[in-house]
Amino acid sequence: MITFVPLPFYEAIYYYALSLVILIAYLQSFQSAIDDERNVKRKIIVGKILFGFVILYIGLRPVSGFYFGDMRTYAVTFEGYADGLPAIETKDWVFNYFMKFCSGIMTVEVFFLLCAFMYIIPLYVAVRRMFPEYWFYAFVMLVVSMSFWAYGTNGIRNGIATSFFILAMTRRNLLVMAIWMLIGVSFHKSLLIPIAAYIITRYHAKSENYLKIWLIAIPLSLILGKFWENFIMGLGLVENDRLAGYFEEDSQFTEQFSQTGFRWDFLLYSFTGVYAGWYFIIKKKFQDALYIRLYNIYLIANAFWILLIQATFSNRFAYLSWFLLGIVIIYPFLVNKFFEKQHIIVGRILLSYFMLSFILNVILG
């Protein structure tokens, strides 16, 4: 366990460490082409070091509910299992039985380290499969994303579930893909939303139509926001007592999510991915089956969140699309050449995306 880092600065130090990686990558983007052999070798080395750092820094953090949200709840549940309590029978039953099993063979500290492995390794494997030479850039986009830290230290089940989903999307064998998705949804049933989006995109792949749905969701949310909240309450995607807290303005989550009403700032954040996909798929006619599917899933899941955007804790639903945002933005740059000095543009994207997370999570957080 890392005890030498003061807890009030633990998250900030993570971002300061990543800032060094971002700065180096940004400066190197001016020195060589992205496909330069020396650049590729350097990025592979740095990427592996970054991979190890992220796992250990997240996985070896001290147990704290004040600084890491639901981590304390997980720890209390784990200790109860270790004392002989039966596994909690919920719809996320696989995760609960997994925790119950772990409580008999390891300490709670080792359990959180194992969760970090399960959160980060699938992402590492997925980006290496998608971008064999340039996976470093995609991995960086994932680990500097605004929600990455929170779902590695607080919303742990949800984070692991979405990592399994990303891994599933890189599997060519449909059975293997389905198994990973099934495991993911058994860890957190909210993954049903991106899974449903995936199924829809298998039968209809035209991004223009999903983009129209995304645009229509904005006025629908503005006009009928409360209707959609009540409708989702009936779906049971999250336990009713917790879900009710997402929608009540005076709920226990209000302090964590300081603004209510229509979140134009979060909508603008989501729009970065919407615009990226529109630019490459529709304007540039970029044809890549996996990218088109990821973009369409992003649009569907994000439109679902927009309908709930006025809920107090709607960022829990926003994450069901945001976990794909970094990939949606960077993917085309890593598989095709669109611009002269494309490496410089990639460097600027990394820097801009990181700075957005840094401002929101460190300066304003």
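We number each residue from 1, going along the chain as drawn.
Each residue, glycine too, has its Cβ placed from N, Cα and C.
Database features, via TrEMBL:
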- 12-28: transmembrane segment (TRANSMEM)
- 49-68: transmembrane segment (TRANSMEM)
- 105-127: transmembrane segment (TRANSMEM)
- 134-154: transmembrane segment (TRANSMEM)
- 174-199: transmembrane segment (TRANSMEM)
- 211-228: transmembrane segment (TRANSMEM)
- 266-282: transmembrane segment (TRANSMEM)
- 294-313: transmembrane segment (TRANSMEM)
- 319-339: transmembrane segment (TRANSMEM)
- 346-364: transmembrane segment (TRANSMEM)
Cβ contacts under 8 Å made by the transmembrane segment (12-28) with residues that lie 6+ beyond its boundaries: 5, 39, 42-43, 46, 50, 53, 57-58, 136-137, 140, 143-144, 149, 347-348, 350-351, 354, 357-358, 361-362
The transmembrane segment (346-364) and the transmembrane segment (134-154) contact flag, 3+ Cβ pairs under 8 angstroms: yes
Within-chain partners of the transmembrane segment (134-154) [C-beta distance under 8 Å, separation at least 6 from its ends]: 11, 14-15, 18, 21-22, 25, 34, 40, 43-44, 46-47, 50-51, 54, 58, 61, 68-71, 116, 119-120, 123-124, 127-128, 162, 269, 315, 318-319, 322-323, 325-327, 329-331, 333-334, 346, 349-350, 353-354, 356-357, 360-361
Tertiary contacts of the transmembrane segment (266-282), as residues 6+ beyond its ends and Cβ separation under 8 Å: 146, 207-208, 211, 214, 218, 291-292, 295, 298-299, 302, 305-306, 309, 314-315, 318, 321-322, 324-325, 328-329, 332, 338, 356
